[in-house]
Amino acid sequence: DILAAFRVTPQPGVPPEEAGAAVXAESSTGTWTTVWTDGLTSLDRYKGRCYHIEPVPGEADQYICYVAYPLDLFEEGSVTNMFTSIVGNVFGFKALRALRLEDLRIPXAYVKTFQGPPHGIQVERDKLNKYGRPLLGCTIKPKLGLSAKNYGRACYECLRGGLDFTKDDENVNSQPFMRWRDRFLFCAEAIYKSQAETGEIKGHYLNATAGTCEEMMKRAVFARELGVPIIMHDYLTGGFTANTSLAHYCRDNGLLLHIHRAMHAVIDRQKNHGIHFRVLAKALRMSGGDHIHSGTVVGKLEGEREITLGFVDLLRDDFIEKDRSRGIYFTXDWVSLPGVIPVASGGIHVWHMPALTEIFGDDSVLQFGGGTLGHPWGNXPGAVANRVALEACVQARNEGRDLAAEGNTIIREASKWSPELAAACEVWKEIKFEFKPVDTLDV
């Protein structure tokens, strides 16, 4: 069975047992009345069952309802169908004030019907020939308004300065000021020029997201013809069907696939209603993607530390133990489905580097947009500052130093011999984003 943990907030007067049973019925075989065609099938075999209910500590009138869905209710290899069943009509149910899907347990038999990520973490490392450290990226800013040539120039400067990747922003598709084909050409030029000068393999996440699946595939084909290593897709706005098609194309044609989660906070940010991001992360691993944005813990975007680490492990590891202290409701086994690299991006700069290195470890991409391009000396020195800071943190960690306690000291020591890093440290020494997260663990 597929197991689901729902956070249910019933309307006043509705007992939790009734609410839980209603969720299970509406998202499987039930409807609002008894119908004579019920007698033509075996409802006992196909109905969803609410098998356990527990109150949420510290929250009045909220319950975690566990529901089991027979596997035959779902089409094989279709994230789209899985979500249509589990989170379809039921979220508009009048008997509930709010409903949130907190976690899913996907049985090994169903996981095996998915291709998963096009390549996975180890194959990506081998393609890039980069080991033993997080990868560095940069989102090109301003996200909208640059011409293709200026955009390509910014990519080149960042890659030349020491970054591994640059990135199209999620809303860069094919607008009047910069058509997709022009952008692809200038970015490919930036990649090849910087590769020749640095001797390292470089990439730019070319956003293939488009208004139709056919147009999206056309862009992916053109990227492959240019010989670039990686493309990008907005998987929630583009849709799971389009994303799975693109992931299959990427595996068949040797392209890595970077996934942006634009629109996720509409779905996952409220604590009592929606779908938790750990479920969207599992869905992405099944649908297919080699990278996905996962929050930073320390930057400008929402993300509580233990919760973030919980779904980062769901993305990377092969086997995950149940751990309610990190928001993981079920033990799960990915049966050798390739892992996804989490991408930390959003309001981060060199002073965050020790924390990011400690939190995310080697199998991650640390992406500094403003934290690269906002350097007072320009894009290339911004890239140099980030690379120096990263190398210093990785070396310190490998020497056994405590990054959490000594992080600032490590950065200051490195800035003594790197003027680019010293300038970056000076610019961002006061920048903080200190707001309480909306989505926290239940205590």
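Quick reminder: no glycine exception, Cβ is built from N, Cα and C everywhere.
Here N89 (substrate binding site) comes close to E26, S27: these same-chain residues lie at least six apart in sequence, with C-beta atoms under 8 angstroms from its C-beta. DSSP assigns N89 (substrate binding site) to a helical segment in the three-state reduction. The substrate binding site annotation in Swiss-Prot covers N89, T139, K143, R261, H293, S345.
Among the features that Swiss-Prot reports, active site, proton acceptor is placed at K141 (among others). Under the DSSP three-state reduction, K141 (active site, proton acceptor) is assigned to coil, being neither helix nor strand. Taking Cβ-Cβ distances under 8 Å and a sequence separation of 6 or more, the neighbours of K141 (active site, proton acceptor) in its chain are D169, G369, G370, L373.
What Swiss-Prot lists as Mg(2+) binding site is K167, D169, E170, and the listing cites sequence analysis. The Cβ of K167 (Mg(2+) binding site) lies under 8 Å from the Cβ of G137, C138, T139, I140, H204, Y205, M232, H258, Q367, G369, each of which sits 6+ residues away along the same chain.
Reduced to three states, the DSSP call for K167 (Mg(2+) binding site) is strand. The N6-carboxylysine annotation in Swiss-Prot covers K167.
The annotation active site, proton acceptor is assigned in Swiss-Prot to H260 (among others). Counting only residues at least six positions away in the same chain, the Cβ atoms of E170, N207, M232, H233, D234, Y235, I292, H293 sit under 8 Å from the Cβ of H260 (active site, proton acceptor).
Around R261 (substrate binding site), the C-beta neighbours below 8 angstroms that are at least 6 residues distant in the chain are D234, Y235, L236, F277, L280, L284, I292, H293. Each of T139, I140, K143, D168, N171, V172, Y205, N207, M232, H260 belongs to the same chain as K167, D169, E170, is absent from that list, and has a C-beta within 8 angstroms of the C-beta centroid marking the Mg(2+) site. The sparsest Cβ neighbourhood within 10 Å, among the listed binding-site residues (K143, H293), is found at K143.
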